[in-house]
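Annotated in Swiss-Prot:
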type    : residues                                                                                       : note
BINDING : ARG104, SER105, PRO106, ASP107, TYR108, HIS150, ALA206, PRO207                                 : substrate binding site
BINDING : HIS150, THR151, PHE152, GLN156, VAL157, ASN158, ARG159, THR193, ASP452, PRO453, ILE454, ARG455 : FAD binding site
Amino acid sequence: MGIINGKEFIDRLNKLENEIWYDGEKIKGNISEHPAFKGIIKTKSSLYELQTKDELIHEMTYCLPGDHNRIGLSYLQPKTKNDLKKRRTMIEHWARHTHGMMGRSPDYMNTVMMSFASSAELLKDKENCFPEHILDMYEQAAKHDLSFTHTFITPQVNRSQSYFGLSEKPISAKVIDRTEKGLMIHGARLLATQGGLTDEILVFSAPKFFFETDEAYAFSIPSNTKGVKFITRESFVLSDSSFNHPLSSRYEEMDSIVVFDHVLVPWNRVFFYDNVEAAKDFMTKSSFHAFTFHQVVIRQMIKIEFLLGVAQLLVDTINVSEYQHIQEKLSEIIVGLETIKALIDKSENDAQLDEFGYMRPCLIPLQVISTIIPKLYPRFTEIIQLIGASGMVTLPTENAFDSEIREDLDQYLQATNTNAEERVKIFRLAWDLTMSSFGTRQTHYERYFFGDPIRISSRLYTSYPKQEQLNMIKTFLHADTEH
């Protein structure tokens, strides 16, 4: 079958009839028409449409040997550095189309599945592990251009390291039975971004201090599997107006709690279960981090380009480019952007073949980006707020410009080089990016995208090779003092 277009994505999603609860009510009818979801579904469909365009199809898709059906390039298992460059080009195309605002664009989860398949052999001959199921799922996903969400975070009942989930009824999703047909899962998982808006949901074990056997599993099931419900938060879509809410009306992804109510996971969908070692080691020893970090930081690079553009447009609109403190603030963004670009280049240039014959980008530069992004992104949004100042809160709506007060607005909200309506449109973009409920969620999302920033820093420290530097200092200290 191969790649799908935008209409096929929407039609398939509507037919699933996933159980989604919004504001205490179960959604009925086509999910693509619901006010809280139609914006992101339309945007997502445009991504699928993008890969079918004649001018992009060879940069967004590829064919397997002997097969004329085109497959999304996000499923490509890279075997050369040139393959990594191809993947980067594809990721950049999709990220630029959404200005980096869609954290769960299809290529993210496609990359996750690709990384699992590329390292499936790690599970070979391990107890209760089925690497062949991962490979089959990967093949089906690529063949049918399936969309995925994932969930692995447990409910925040008690976050102390010594906490055990000993409640009578499961809170965190657990295996409560093993039957001839498959695993029985009951409980909840937190944070499935775009939960209910995809074909499949990938579920795996969260990193934790103590692992219980009944929580050591990984599987993928259709989002409309009986007993799976997605309970969403309040939508940040405040209107359909691209003037009033230029970003949230397009890119509000929605986040969900996933409830598993005695859900049967067929054996052919189980990747592993009742194996604490696999739950602890597969994510860290596989190519998961290398390939997913590569996708994520490219998207974040594009997003920071967008922030730089918005910041410069504000500067031009209110004519403050001559001030050195403004130049310094914009330079902060430029330095961050160029640093990230250079680190991505280094990760690709230093890529090496792994034990399974796949070209992994060097992880250290990607870890450096993941360590600085939680600091850089909030700072860059703050810079936009500081530049905009009071202009970020004195923002009339689109309707105000179609009312009898239009003359007042034109007079008092004009800018040096543009009219009042255009000025407000620019400032509303900056506000939606940094100060609206959508914008603050974006900041929070990037701050915690890879997990706790402290743990990310700790992981970088423990994995960074420091012996060469230590040897250099020891050699210096023991050098002959006469020389």
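Cβ coordinates are placed from backbone N, Cα and C, and glycine is handled just like the others.
Keep in mind that this is a model prediction, so the values were computed, not measured.
In this structure, the CA atom of ALA206 (substrate binding site) is 5 Å away from the CA atom of PHE152 (FAD binding site). Across the binding-site residues listed here (ASP107, ASP452), the residue whose Cβ sits among the most other Cβ atoms within 10 Å is ASP107. Under DSSP, PHE152 (FAD binding site) is assigned to coil, being neither helix nor strand in the three-state scheme. If you take the C-beta of ARG104 (substrate binding site) and look for same-chain residues 6 or more apart in sequence within under 8 angstroms, you find THR149, THR193, GLN194, GLU253. The two recorded residues, PRO106 (substrate binding site) and ILE454 (FAD binding site), show a Cα separation of 28 Å. Highest local Cβ density among the binding-site residues TYR108, PHE152 belongs to TYR108, counted as other Cβ atoms within 10 Å over all protein chains shown.
It is ALA206 that, of the binding-site residues ALA206, ILE454, has its Cβ surrounded by the most other Cβ atoms within 10 Å. Residues within less than 8 Å, Cβ to Cβ, of HIS150 (substrate binding site) and separated from it by at least 6 positions along the same chain comprise MET109, VAL112, ALA192, ILE201, LEU202, VAL203, PHE204.
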